[in-house]
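Pulled from TrEMBL, these are the features on record:
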- 11-104: repeat 'Solcar' (REPEAT)
- 115-208: repeat 'Solcar' (REPEAT)
- 215-300: repeat 'Solcar' (REPEAT)
- 76-97: transmembrane segment (TRANSMEM)
- 117-136: transmembrane segment (TRANSMEM)
- 179-197: transmembrane segment (TRANSMEM)
- 217-239: transmembrane segment (TRANSMEM)
- 274-296: transmembrane segment (TRANSMEM)
Amino acid sequence: MPHPPDHPHYPTISEIYLINSLRNVVHRTSVAPIERVQLLLQCEGEMKKSGRLNPGYRGIVDCVSRTYRSEGAISFFRGNLTSCLPVFLTFPSSLITDRFLRQYLIPPQESSRTFKIVSNFGLAFLVGTLNIGLVYHFDFVRTRLANDVVEIKDGQKFRQYSGTLDVYRKTIKSDGFRGLYRGYIVCCIGNALHAGVSLSFVEFRRVFGSEMQARQYMPYLLGASIVTSFAAAVMTYPFDTVRRRMMMRSGEPVKYGGGLECVSRICRREGARALWRGFLVNIIKTISGIAVFYAIDLNM
């Protein structure tokens with residue numbers, strides 16, 4: 001009978017990278033149809049403004065049925081390849097930037113609690129901002145492809161873009177490389193807000209966890225994580241809407257002067273609720289994504 005090895009096998013950094021990347025590819029592909037519906041609803045106003053969508057969607061069911069009838073089932077995965085490419089970059093990028101910045105931002109042990117919180121916030125914000133900058137153009141292309149609905153003229157169907165490379169080519173030709181990063185500042189502000197909310201949860205866990213028994217602590221931890229996640233989603237979703245609406249103006253003759261102008265125009269023409277358009281689909285996507293991750297982890 002073979003004896004078990006004396007030392008357990010710990011995965012190497014390469015194995016962790018490969019497993020993490022494949023895990024994220026499966027996750028993104030699984031929720032891609034839901035995400036496309038979210039993006040269509042989120043950017044509906046821009047498509048109507050440019051004349052590519054008329055009339056607008058009457059809701060989630062109408063969006064799904066119209067897309068299926070005009071483009072087919074496979075179209076719900078449009079842009080998914082571009083969505084999966086960043087997963088192979090974010091892990092090594094996060095690892096490198098986190099280790100590099102920790103040398104300068106992690107405070108000494110004797111520092112005050114407030115200073116440690118500020119330092120951790122700065123670290124999370126900078127790592128997030130640098131990683132977003134690295135892969136933002138992929139998200140831009142994903143957004144444009146997802147919102148590239150089929151138009152019918154003279155009895156023939158056609159799209160604005162033929163594929164990923166066509167988005168890059170046309171955007172750079174009309175707006176330069178800057179066009180690929182439209183809405184980046186708004187995205188970074190949303191990232192800072194999300195980091196702040198997440199750190200508030202960490203602080204809550206530290207304070208209350210030290211005063212409770214494990215059995216008492218778990219219900220509070222679960223409840224706090226749900227509330228924090230929902231609060232972060234509600235507060236940061238308008239930033240996501242604004243940045244994507246700004247993305248949709250690349251290549252168009254009229255562009256937003258900035259995030260504030262975008263918010264002002266959306267609220268004036270469509271009402272403040274438009275900033276949360278597609279939020280319910282986003283919640284469905286999040287819950288589905290958690291279920292996919294759980295299923296993957298159970299089988300690994």
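Cβ atoms here come from the backbone N, Cα and C positions, even for glycine.
Cβ atoms under 8 Å from those of the transmembrane segment (274-296) belong to residues 23, 26-27, 30-31, 34-35, 37-42, 44-45, 60, 229, 233-234, 237-238, 241-242, 263, 266-267 of the same chain, restricted to positions at least 6 beyond its ends. Note: the repeat 'Solcar' (115-208) comprises 74 helix, 6 strand, 14 coil (DSSP; helix = H, G, I, strand = E, B).
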